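Working notes for the structure below.
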Amino acid sequence: MIALLLRDLRLAVRAGGGFGLGLAFFLIVTVLIPFGVGPETGLLSRIAPGVLWIGALLACLLSLDRIFALDWEDGSLDLLATAPLPMEGIVTIKALAHWITTGLPLVLAAPALGVLLSLPPSGYLWVLVSLALGTPALSVIGTFGAALTVGLKRGGLLLSILVLPLYVPTLIFGAEVARRGAEGLAVQTPLLMLAGISFGTLALLPFASAAVLRINLR
Amino acid sequence: MTPDLGKYAFAVLASYGVSLGLIIALVALSLRRARRTRAELEKIEERVKRHG
Amino acid sequence: MSIWEYANPVKFIRTTDRILPWVSVAAVLCLVTGLVWGYFFTPDDYRQGSTVKIIYLHVPAALMAINAWIMMLVTSLIWIIRRHHVSALAARAAAPVGATFTVIALATGALWGQPMWGTWWAWDPRLTSFLILFLFYLGYMALWSAIENDDTAADLTSILCLVGSVFALLSRYAVLFWNQGLHQGASLSLDKEENVADVFWYPLLVCIAGFVLLFVALVFLRTQTEIRARRSRALLAREGRT
């Protein structure tokens, strides 16, 4: 399992798309928002937590179709399926690799981008915490979507239609934590809910993804 | 006979219009597709039978 | 004699062919009676004025939009567990009907909200949940139409339906938490004293019956269509091979 994780990470680094593309996209979205809504500091600092969350979510979405696509094309996915590793394990590792290459850089970059949006000082910690807790859920849910659309020629658009509604609860609680944190309110309830969603999806969704992948490889 | 809808006439009429329109469109599409697939299946079954 | 007999496509088509005319006639009768009754022969509400007439479309459509998803969930489960093709095809047949009802509920809600709440749309929990439900319907139908192999499509959409149901419920609670709403509580429940007044209640019941029957008739018809289309594809495939 660790070998598979290392292989995925190495491939992502070598292909160059993994780290860079998602981050660049995140940066561009955050830069475009003030152009759209105006440079007024008060407004920006109020919407900053939400914008950071939406940006991270979209950047995450962007790289989802790469989770299985390359392995599907060169047939290594079939090899993995016949390997002694259980399919659930493969799926979890894939999600983990996606999180390390996409989610983690987004989490670390978010405070820096918060400066651009004049995020209030009390918000940095909670943006960081909520993203760190929420992005694993985004990766796991995204892996499910990627498994659903793996064999399809033009799966990209379908993938976003399938995955975005599933992102709703994570986004709501995640952005709520960040918003309340920025405004200095109590964050405990949404934080617990967010953690619940993350751990729940992490525990249960790999089974669904594995089932879907088995069907697609049939 | 026709009820006086008062100042809300637009809202009420538009609701009925939109809903009935959508329902009728859905029924019409379902019926058309049902007829087409039925005809197509009969044609194919006929051909399969003839060729044995 | 058990319900599983109807898992045989031929039997299903024969039986539904016999029932379908009756259900359709009953649906049209109920809908016409209920809507005409509601539209022409009920008084205006003292607060809502004539907009109260929208209830005869809004409530049944919303009810059936949710019930259609539940029916899809049940048929998907039956497909996963017992692998009856009719079940999977029935889920496929129900999705566009459910989506249409969702649109009706949203559109009539917006038209009613404009004069009553002074806005077409508010990010109220109920409205938002319905919008999310509509997105789930869209994704479900898109996945069905994207996959060519029938069995694979049935498997994948069933799993999507299961996972989607869980997330739809989660979203429902998330949305409740996120914004307290201005939507009134349930307009009909069996155990509550405080209900819609009888004048509005009886035509509403007839309308609900009409929508249920309409849903059943459409699902029967569309399932038949799906069975036939599938058989055509199978025959064509066999022809191509020989």
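Placement of Cβ uses the backbone N, Cα and C atoms for every residue, glycine included.
Listed in TrEMBL:
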- A:12-37: transmembrane segment (TRANSMEM)
- A:43-64: transmembrane segment (TRANSMEM)
- A:96-117: transmembrane segment (TRANSMEM)
- A:123-150: transmembrane segment (TRANSMEM)
- A:157-178: transmembrane segment (TRANSMEM)
- A:190-213: transmembrane segment (TRANSMEM)
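Residues 68, 77, 81, 86-88, 90-92, 95, 129-130, 133-134, 136-137, 140-141, 143-144, 147-148, 150, 169-170, 173-174, 176-177, 180 of the same chain sit 6 or more residues outside the transmembrane segment (A:190-213) yet have a Cβ under 8 Å from a Cβ within it. Non-local neighbours of the transmembrane segment (A:157-178) in the same chain are 49-50, 52-54, 57, 61, 64-65, 123, 126-127, 129-131, 133-134, 137-138, 141-142, 144-146, 148-149, 187, 190-191, 193-194, 197-198; each lies 6+ residues outside the stretch with a CB under 8 Å from one of its CB atoms. Residues of the same chain lying 6 or more positions beyond the ends of the transmembrane segment (A:43-64) and with a Cβ under 8 Å from any Cβ of it are 17-18, 21-23, 25-26, 29-30, 33-34, 37, 98, 101-103, 106-107, 110, 113-114, 117-120, 123, 126-127, 130-131, 134-135, 138-139, 142-143, 145-146, 159-160, 163-164, 167, 171, 174-175, 178-179, 181-182.
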